[in-house]
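Colleague: What follows is a single structure, and I will ask about it in a moment.
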């Protein structure tokens with residue numbers, strides 16, 4: 001630690017030993033590893049006899065420890081008023097010394113909760129209104145650290161109640177931010193007392209930009225914003241109570257981003273504060289800089305209980321759009337907030353399931369599917385959301401899940417087959433095969449176009465790999481098809497995605513030209529195709545049929561002879577175990 005024997009004697013408060021060491025020549029100004037001298041220790045202990053001895057032997061009161069504190073600062077921190085008075089008399093030059101952050105001795109006494117010590121410094125000439133480097137005066141320090149008696153003392157001695165820090169916060173802001181209820185109560189009562197009636201009238205005058213109770217930080221936050229944000233409901237009620245000349249906190253005061261206290265409470269899920277503000281007449285329709293109401297913010301942050309409370313207060317809030325054209329349902333769906341979606345559906349099922357963003361034409365279902373929020377998709381589907389509906393780009397919800405590779409959406413659709421088939425009044429395969437009116441692509445085309453390998457693999461169980469795209473209605477920048485009839489293989493090949501190409505080529509459901517020619521009995525065409533590649537002779541389609549299966553099933557004897565001559569396997573089984581011989585017997589060939 002670097003302590004000398006003199007340090008140790010001071011710590012033991014052994015005045016006689018200190019005198020002995022000083023007489024024997026101990027150096028009184030030696031500092032230990034923390035920069036602390038014997039005088040620092042004596043001041044911290046409040047030991048006046050030792051301080052007198054050290055003074056006699058020329059102790060230096062100006063020496064700073066590593067926190068840039070003198071012995072006087074240490075005494076102030078400990079609240080040793082008699083020591084403070086002694087040191088101030090013995091070492092008057094030390095009274096105005098500051099710490100590393102620019103704090104005066106008044107700051108230190110105030111933040112440590114010593115009103116008598118603070119008064120002692122005031123008498124010795126330490127300025128009451130001197131700010132530190134952050135712009136805080138001693139009143140701010142006391143309020144922040146919940147020292148009620150110090151605050152009361154400083155206000156009685158003339159501390160400016162509306163003094164601001166560099167962040168533009170007054171003492172009330174700090175008290176609210178740090179949940180100092182007694183400080184807040186006292187400061188508000190201070191404005192009502194007779195001796196401060198004139199000041200109270202000025203401070204609460206709504207035309208006064210420095211009005212204490214409605215003073216704003218650099219972010220435009222009033223004490224009511226801060227109390228609402230942190231859920232200090234009792235404090236909110238106190239701030240809303242009229243003071244002075246019958247004025248009170250502005251319930252709909254706006255921050256720099258145009259948020260009211262109700263916005264801040266809703267954003268942070270403070271349901272009790274929200275109820276208090278609504279009961280006091282807060283504007284539930286107020287919008288911030290992004291056009292968001294408090295309900296939008298509650299939905300965005302997954303506060304379903306707050307959402308439910310707002311909807312009970314005013315049901316049509318669910319239909320309000322922000323500047324981006326989004327309702328609270330769009331926001332909740334995009335965020336994946338299942339509980340919020342349920343609250344909204346209970347309030348207005350039709351609006352939640354069908355309202356489209358006026359800019360993008362996206363519904364809540366589109367947004368949930370594009371983000372892969374499977375549970376939200378399930379809720380929306382079960383409440384009647386339209387899976388076939390397209391957004392501005394011509395994408396339905398399934399197309400969007402394919403674009404972003406959210407295979408979990410496939411599971412949701414399969415597990416709710418009956419409900420979906422009832423909704424679309426068609427078999428589920430109709431949904432899989434549904435093509436975009438603008439791109440002509442079905443869900444498998446979309447998955448391959450956007451390199452979503454896993455999604456494409458799942459879709460190959462539902463859609464033929466050779467399914468061609470349909471004529472597009474409009475050319476889109478991200479597709480730009482100049483022709484139609486693209487197969488997934490075309491798209492995968494065009495993008496150069498080797499794994500997708502390999503997967504599609506190896507998938508047994510691929511119908512080849514050889515299958516089609518064999519089925520129709522075109523011997524010369526089959527011969528030409530086989531001359532180019534004999535490997536395709538064993539390829540199976542989605543039924544498990546080879547070209548020989550088709551020749552046998554349709555009674556094409558010459559075709560069967562050609563295929564057998566080229567090495568076709570007569571024992572190959574289809575998906576239900578039928579060989580070409582079985583099919584020939586079945587057809588009577």
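Using N, Cα and C of the backbone, Cβ positions are placed for all residues, glycine too.
TrEMBL entries are annotated by machine, without manual review.
What TrEMBL lists as repeat 'ANK' is 1-33, 34-66, 101-133, 134-166, 219-241, 257-289, 290-323, 360-392, 484-506, 509-533, 543-575, 576-589.
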Colleague: Limited to the repeat 'ANK' (34-66), I'd like the whole-number average of pLDDT.
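Modeller: Taking every residue in the repeat 'ANK' (34-66) and averaging pLDDT yields 91.
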Colleague: Where else in the chain does the repeat 'ANK' (290-323) make close Cβ contacts, counting only residues six or more beyond its ends and a cut-off under 8 Å?
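Modeller: Distant Cβ neighbours of the repeat 'ANK' (290-323) are 257, 260, 262-263, 265-271, 274-275, 278, 284, 329, 331-332, 335, 337, 339-340, 342-344, 347-348, 351-352, 355, 357-358.
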Colleague: Quickly jot the same-chain residues contacting the repeat 'ANK' (257-289) by Cβ under 8 Å, restricted to those at least six beyond its ends, or write none.
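Modeller: Counting only partners 6 or more residues beyond its ends, the repeat 'ANK' (257-289) has Cβ contacts under 8 Å with 219-222, 224-233, 236-237, 240, 251, 295, 297-298, 300-301, 303, 305-306, 309-310, 313-314, 317, 320, 322.
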Colleague: Over the span of the repeat 'ANK' (257-289), count residues by DSSP class, listing helix, strand and coil in order.
Modeller: 16 helix, 0 strand, 17 coil
